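These features come from TrEMBL:
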- A:12-36: transmembrane segment (TRANSMEM)
- A:18-90: domain 'Glycine transporter' (DOMAIN)
- A:42-63: transmembrane segment (TRANSMEM)
- A:75-93: transmembrane segment (TRANSMEM)
- A:99-116: transmembrane segment (TRANSMEM)
- A:104-177: domain 'Glycine transporter' (DOMAIN)
- A:123-141: transmembrane segment (TRANSMEM)
- A:161-179: transmembrane segment (TRANSMEM)
- A:186-208: transmembrane segment (TRANSMEM)
Amino acid sequence: MLRPARRGINGITMLLYFLDLAGVAVFAVSGALAAGRLGLDLLGVLVLASLTAIGGGTLRDVLMNRHPVFWMARPTYLLVICAAALGTVLYVQVLPIPAHALLIADALGLALFALSGAQLAEAARLSPIIVVLMGTMTGVAGGVMRDICSNQIPLLLRQDIYASAAIAGIALYLVLKALGLREAWAFWIGVLVVVTLRLSAIFLGWSLPVFQIPKG
Amino acid sequence: MLRPARRGINGITMLLYFLDLAGVAVFAVSGALAAGRLGLDLLGVLVLASLTAIGGGTLRDVLMNRHPVFWMARPTYLLVICAAALGTVLYVQVLPIPAHALLIADALGLALFALSGAQLAEAARLSPIIVVLMGTMTGVAGGVMRDICSNQIPLLLRQDIYASAAIAGIALYLVLKALGLREAWAFWIGVLVVVTLRLSAIFLGWSLPVFQIPKG
Amino acid sequence: MLRPARRGINGITMLLYFLDLAGVAVFAVSGALAAGRLGLDLLGVLVLASLTAIGGGTLRDVLMNRHPVFWMARPTYLLVICAAALGTVLYVQVLPIPAHALLIADALGLALFALSGAQLAEAARLSPIIVVLMGTMTGVAGGVMRDICSNQIPLLLRQDIYASAAIAGIALYLVLKALGLREAWAFWIGVLVVVTLRLSAIFLGWSLPVFQIPKG
């Protein structure tokens, strides 16, 4: 369907592969921490970590008809998830969890998957508004599944900047590319913007104007 | 896969396109109203409106292996969603929301998507019982996703007529067609029946016999 | 995609067909019982029973790009679901529900779908760790959807053995096959192990070590 130059395929494929691995690892940590709060057993930790880690990318691949789905083609993903989840379990036994660890892992996963989802949508020549939506969905889906399965109100719906951070980062990525910046630069600037906005929301209490239905 | 006469394709395609647009718009309104209740920020409103609006049709397309998924092929859908969501936000600033606005928008979306899902399943020559299920799932999925993400008990599961309305409307559509009525007539009668049943449930308190597990 | 010998196809196809039917029937019963607790109307019972019954297999087929999805190709599935759901409704009117009926039906469905999902993933030559994950997801997805739609904390996340039972049964199945046992034997031993572990957790209070985040 998509036929860029050979070098392009390899470059994008490898980049996406490592980004998916990184995103999968941080989301697995956040899923393991959520499982710890729920007091799941050890295999339950693996399941919730896996769900969080592969949720967004799986949605992306199914919607874009990319088969096999990313984690099916290579067992490395699941090994990384197991390592990240078990590492989290062990770490927690000996050292205190840094404050906001779940939120920070979630912010990194959000940023990496949002931009990688956007990049794939772009490669399929979808229009910019659809690229933004696809990237946002890819970024938020894993965390939403984790929160719904943990019976929490999804982070997505709390009042601080969340989907907004993904939308802003992806939009900036598209604008920078349109202005002629190299793709890799635009990509990492986009990631940085998503993470910065999320962390600002968490630590500085930033938020956007809220839509309240007036009473009366 | 499906090869009716040329005129048939265009007619059905155009009809489904406008129905999807209309269904997407009313579900976007209902999603925006739900976001208002939650006090989401403005981009969060867009995300919840989008999820509600494209949820049912996306499920339909993925299950029936229709790619690209409807909203990916044409940016018009997302523009309609943005317009409907922002229009809702602005409207609410100046005028009171009509009572039951969310329920009515939801009823319209349910009817339009239920019948369009059924029509597509029929075009793929699935058997009638499967046509009914596919249509019902297409109709209810967007609202269920909206309710689950808003941490509400899905409308689907409240005790008034909901899935029942979709099932009745689709079944009537199939019966009328089998009796020789023209497809377009059968379609709109089906839509009317779904909306009427839903509104009767809301305003007149209609409901079906309930399955209660006897105590003791 | 997959082309084993003709006899192999027929054998596996027929076995999977009957397993899917059996799994669908027991999950439909569990969905109908859950609907009874919620006091849904009769068509709502059908919808929740259908969702529970086809959820896991649908996820399996979509992820593995198997089209048409299993219940679309043959109306038998939906007829079985309707019969199981209505049978449950009628049964409950005249006889008391056996204690733990929902949990037992759920355990059987979990076991059947976990092993059938694993078998299909194996047939697609996926690596063992992915076979385990795919089987586990196929087994748990229907019940998770039932619980989320019923606004319950998913059984998956309670502290007794659940996903763990599926993982153990699938792993044993793979090990037995690798040791040279015939596929059918390995399959049924796997099913038995999943059911036994689940029932032990329910009736004997078995559980695995829990991952608790230390306070302080």
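Using the three backbone atoms N, Cα and C, a Cβ is placed for every residue, glycine included.
Nonlocal intrachain contacts for the transmembrane segment (A:186-208), taken as residues 6+ away from its ends with a CB within less than 8 angstroms of a stretch CB, comprise 15, 100, 103-104, 106-108, 110-112, 114-115, 118-119, 139, 159-162, 164-166, 168-170, 172-174, 176-177. Pairs of Cβ atoms less than 8 Å apart link the transmembrane segment (A:161-179) most often to A:123-141, out of A:12-36, A:99-116, A:123-141. Against the transmembrane segment (A:75-93), the recorded stretches A:12-36, A:42-63, A:99-116, A:123-141 differ in Cβ pairs under 8 Å, and the greatest number is found for A:12-36. Residues 1-2, 4, 12, 55-60, 63-64, 109-111, 113-117, 156, 162-163, 166-167, 170-171, 174, 194 of the same chain lie 6+ residues outside the transmembrane segment (A:123-141) yet bring a C-beta within less than 8 angstroms of a C-beta in it. Within the same chain, residues 20, 23-25, 27-32, 34-36, 69-71, 77-78, 81-82, 84-85, 88-89, 109, 113, 116-117, 120, 134, 137-146, 149-150 sit at least 6 positions outside the transmembrane segment (A:42-63) and bring their C-beta atoms closer than 8 Å to a C-beta of that stretch. DSSP places the residues of the domain 'Glycine transporter' (A:18-90) in helix, strand and coil in these numbers: 62 helix, 1 strand, 10 coil.
On the 0 to 100 pLDDT scale, the domain 'Glycine transporter' (A:18-90) averages 90 in this prediction.
The helix, strand and coil residue counts that DSSP assigns across the domain 'Glycine transporter' (A:104-177) are 60 helix, 0 strand, 14 coil.
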